[in-house]
Amino acid sequence: MATYQAAVFLAAFNLALLWLLMAAPLGRRTIRVSRVIRERPEELWNITRPAGNQTAWHPNVISVEPVQGKPDLVEFAYKHPDRHGRPSRRTMIVDRTARTAAGCFSCDLRVVGDSTLDQTFWEGYRESRKVERAPLGSRVTFEQTDNYRGLAFYLFRRMALARELVSLQDHVEQRRSHGLLHFEHPLWQTALVIVSTLLLWPFFSLTATGLMMSVFLTLVILLHELGHMVAYRAFGHPSVRMIFVPLLGGIAIGGRPYNSHFEVATCALMGAGFSALLVPILIAAHESAQGIPHSVAMDGPALVFLVILGAFNLLNLLPTYRFDGGQVLRQVFEGQKALAVTSFVVTAVILWTGWRIGLGAPMLIGGLAIFILLSMIRTKSIKPREALVPMNAPERLMTGFGYYAALAIHAYAVIYACDRLFA
């Protein structure tokens, strides 16, 4: 497959996959997870009902308290902290409970209060729990119904619900829980990194050079996400993790919600900012090596890595809605006019970089078209319960100059490496 055709196919595939995961209108869907557990229905209902002892088995719940004076309201406290580091809390109302003579228990719930998210997030959410007799014990069924936009959140909730049932079964049957089954486990993520590297290999040609470029791209993605995780830790997040998505890249996840616009901008910028620290080191090492007798072939891998490092982070700085660049600029510029002008200037700089290294007009126009399509992808917004702390003038200046510095460094990395690779 020609390099140009491979690039077009990979870009189109990633664009379609990104739309499917983040913006596809799935409508109102019900997630249903069921499992047979060797225990009497009455015993299971005592620990799965809304006011039951869920702290004994639930992987995230740390306390369950009925709201005083309101018997139909139950407040849950979770391990996940809120923006201030305290346990997040959620109040649920029990709309219906039922019990039959055959030993079937059920209830319906909905969320009426959340210490982290605005109530609009829970408008369409409904939850139900059911325990009924089965030949080998009891069948436990959990259901969640909501409006979904994008497959990613749907799959996330399905995995979380399945994990709840597994934890319940492990607790009842006194089995040891295995973290290896969790999708975020390092072994699973390592396997996904290897799979992604192998999937990218054909796009760079099935040769040793193609494998090298695929490995370099995967390494660049890992360094980029490491930058985000370092920023999360710097802002006091109690934990960080990364989920690797083959072909698309990685997603760094912090341990709590954002507290300020400055935190949002800095954590987004540090992906490219952390990688930018390597650019002067690599260039200085390459320049220093010129005075030492060595094979010309040794320069190639270092320059190829520099091109991939600069190009990947440069594209991530594009002022697109879901890219790091878009997140940074939306925090720095409050007015739509200033945001539009800055977005135009940044896009022009990146297009000029492409022209400077010799990309033809069709490639630049195609890249601009993809950028426009990415800008049109809109996902379901998640509104926090309380407004984020606004940025002050020094924070805006520091973030803005940091963004322009990262943009300039990565543009220079691409130009420097391409001038020497294709001289």
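In case you wondered, yes, glycine gets a Cβ from its N, Cα and C as well.
TrEMBL: automatically predicted annotations, no manual curation.
Annotation source TrEMBL lists transmembrane segment at 199-223 (among others).
The transmembrane segment annotation in TrEMBL covers 235-255 (among others). Here the transmembrane segment (235-255) has Cβ contacts under 8 Å with residues 10, 13-14, 17-18, 21, 80-81, 85, 183-184, 189, 192-193, 195-196, 199-200, 221-222, 224-226, 228-229, 263, 266-267, 271 of the same chain, all six or more residues outside its ends.
Among the features that TrEMBL reports, transmembrane segment is placed at 261-284 (among others).
The transmembrane segment feature in TrEMBL is assigned to 296-315 (among others). Distant neighbours of the transmembrane segment (296-315): 212-213, 216-217, 219-221, 223-224, 271-272, 275-276, 278-279, 282-283, 285-286, 289, 323, 350, 353, 406-407, 409-414, 416-418, 420-421; these residues of the same chain sit at least 6 beyond its ends, with a Cβ under 8 Å from one of its Cβ atoms.
Distant neighbours of the transmembrane segment (335-352): 314-315, 317-319, 325, 329, 364, 367-368, 371, 407, 411; these residues of the same chain sit at least 6 beyond its ends, with a Cβ under 8 Å from one of its Cβ atoms. Per TrEMBL, transmembrane segment is recorded for 335-352 (among others).
The transmembrane segment annotation in TrEMBL covers 359-377 (among others).
Taken from TrEMBL, the feature transmembrane segment applies to 397-418 (among others).
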*Excluding the flanking five residues on each side, which residues at least 6 beyond the ends of the transmembrane segment (359-377) place their CB within less than 8 Å of a CB in that stretch?*
4, 8, 11, 15, 18-19, 22-23, 318, 320-323, 347, 351
*So what's near the transmembrane segment (199-223) in sequence-distant terms, Cβ-Cβ under 8 Å and 6+ beyond its ends?*
1, 3, 6-7, 9-10, 193, 244, 246-247, 249-250, 274-275, 278, 301, 304-305, 308-309, 312-313
*Please indicate, using numbers and ranges, the residues of the same chain that are 6 or more beyond the transmembrane segment (397-418) and have a C-beta under 8 Å from a C-beta there.*
262, 265-266, 269, 272-273, 275-276, 279-280, 282-283, 303-304, 306-307, 309-311, 313-314, 317, 325, 328-329, 331-332, 346, 349-350, 353, 356-358, 391
